[in-house]
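Structure, as structure tokens:
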Amino acid sequence: MAVQQVFPLSGVVQQYAWGKMGSNSEVAQLLASSDSLAQISEDKPYAELWMGCHPRGDAKILDNRISQKTLGQWIAENQDCLGAKVKDTFNGKLPFLFKVLSVETALSIQAHPNKELAEKLHLQAPQHYPDANHKPEMAIALTSFQGLCGFRPVAEIVTFLTKVPEFQFLIGDNAAEQLKQSLSRDSQCVASALRSCFSQLMKSEKKVVVEQLNLLVKRVSQQVAAGNNMEDINGELLLWLHQQYPGDIGCFAIYFLNLLTLKPGEAMFLEANVPHAYLKGDCVECMACSDNTVRAGLTPKFIDVPTLCEMLNYTPSKDRLFLPTRSQEDPYLSIYNPPVPDFTVMKMEVPGSITEYKVLAVDSASILLIVQGRVTASTPTAQTPIPLQRGGVLFIGANQSVSLKLTVPDDLLMFRACCLL
């Protein structure tokens, strides 16, 4: 009998402390909508929904005719369903983890090593670097989503050095002067000056950081209380971060990194060695399967300063939005295809006036999430149609064709993660 290759999944919820609380969280809403038995605790955070086969969150299979209980177990026994190229390239494993994030308080500022560095770090310090893989990530906003991403243009950093004396104090006059001089020089000088400045900040003594941060926070608080707009030095963001992470060096990183506010459907791609932090909002995220993180601030956890300062990409750039391409063959499909082999994300926005929508068959296993709308999914191989609504998750084996019938005339919004080699 042919193996059933399209089936519904139940993702795994992670209740990290930074998540949105109770039904404020998109993660909780998706969970409650897709599972009528789910009990949402209003006093608990619902931070992440994991859709994949990560050992710490292997999705459950919601079809009792399938003997395996989780997606990881099923893929291990049905590797051909990954697609031939994916199976060969990634040794019979699903190469990505698909997620929804609901962020209430800032996540740590971090960067992820490339493959070569990951292998080295994993050998040297497996307690901090648990695997030998890289971890590129892409976030696509579901609601207004704020994050820090990559180094700002140098002119902006120089302006902050002038306007924020406490920042200048930690960087020191020499490094600050070097950065100002680099404005008229080539990109190598810029990167080198930026590296000196950032390293000076990260190597500052904790006591000095706390003193300078307290001075700055006091000054900004007084100005804000007096009704003055401190937007030119990101005053409100500073106070908001300091409230969450008092005395944390990461509060000064806002003067180095681009502040991005993504509108729904806008994305950022975080390649290796780019410093970033998610601040607030809801997004879908796709990433390569790895837990390697080098932290830089807004965290009580271990900060590996030498590795961090050594590895970062110090090329400043303003333009950090990652733009999707519109599909040639499907007017409702946008494709977010980052420059890494591990994953691609598709967004499908189907108007409610359409009665049936055919999901593009691809040569890769994929995971489909329904964010809005209600459908029944049918395939040539499945005996019975699969009803899906908001929060529903569907696994689709490689080269399977799936047809979705809209059961209510509401617009459909879906995201799908796959691997297009």
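Using the three backbone atoms N, Cα and C, a Cβ is placed for every residue, glycine included.
Given the structure is predicted, the values throughout are model-derived calculations rather than measurements.
As recorded in TrEMBL, the features of this protein are as follows:
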type: DOMAIN; residues: 6-154; note: domain 'Phosphomannose isomerase type I catalytic'
type: BINDING; residues: Gln110, His112, Glu137, His276; note: Zn(2+) binding site
type: DOMAIN; residues: 170-257; note: domain 'Phosphomannose isomerase type I helical insertion'
type: ACT_SITE; residues: Arg295; note: active site
type: DOMAIN; residues: 335-379; note: domain 'Phosphomannose isomerase type I C-terminal'
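Within the chain, the domain 'Phosphomannose isomerase type I C-terminal' (335-379) has long-range Cβ neighbours (under 8 A, six or more residues past its boundaries) at 5-6, 9, 30, 34, 51-52, 75, 81-86, 89-90, 94-96, 98, 100, 134, 136, 138, 140, 142, 265, 267, 269, 271, 284, 286-289, 322, 324-327, 329, 385-421. Here the domain 'Phosphomannose isomerase type I catalytic' (6-154) has, by DSSP, the following mix of helix, strand and coil residues: 40 helix, 47 strand, 62 coil. Listed in sequence order, His134, Lys135, Pro136, Glu137, Leu270, Ala272, Asn273, Ser290, Asn292, Thr293, Val294 are the same-chain residues six or more apart from His112 (Zn(2+) binding site) with CB atoms under 8 A from its CB. When DSSP labels each residue, the domain 'Phosphomannose isomerase type I C-terminal' (335-379) comes out as 0 helix, 25 strand, 20 coil, counted as helix, strand and coil in that order. Other than Gln110, His112, Glu137, His276, the residues of this chain whose Cβ falls within 8 Å of the Cβ centroid of the Zn(2+) site are, in sequence order, Ala111, Lys135, Leu270, Val274, Pro275, Thr293. This prediction places the mean pLDDT of the domain 'Phosphomannose isomerase type I helical insertion' (170-257) at 97. The Cβ of His276 (Zn(2+) binding site) lies under 8 Å from the Cβ of Ile109, Gln110, Ala111, Gly147, Leu148, Cys149, Gly150, Leu257, Met268, Leu270, each of these being in the same chain and 6 or more residues away along the sequence.
The Cβ of Gln110 (Zn(2+) binding site) has 24 neighbouring Cβ atoms from other residues within 10 Å, across all protein chains displayed. Other Cβ atoms within 10 Å of the Cβ of the residue listed as 'active site' number 23 in total over all chains. Across the domain 'Phosphomannose isomerase type I helical insertion' (170-257), DSSP helix (H, G, I), strand (E, B) and coil residues number 65 helix, 1 strand, 22 coil.
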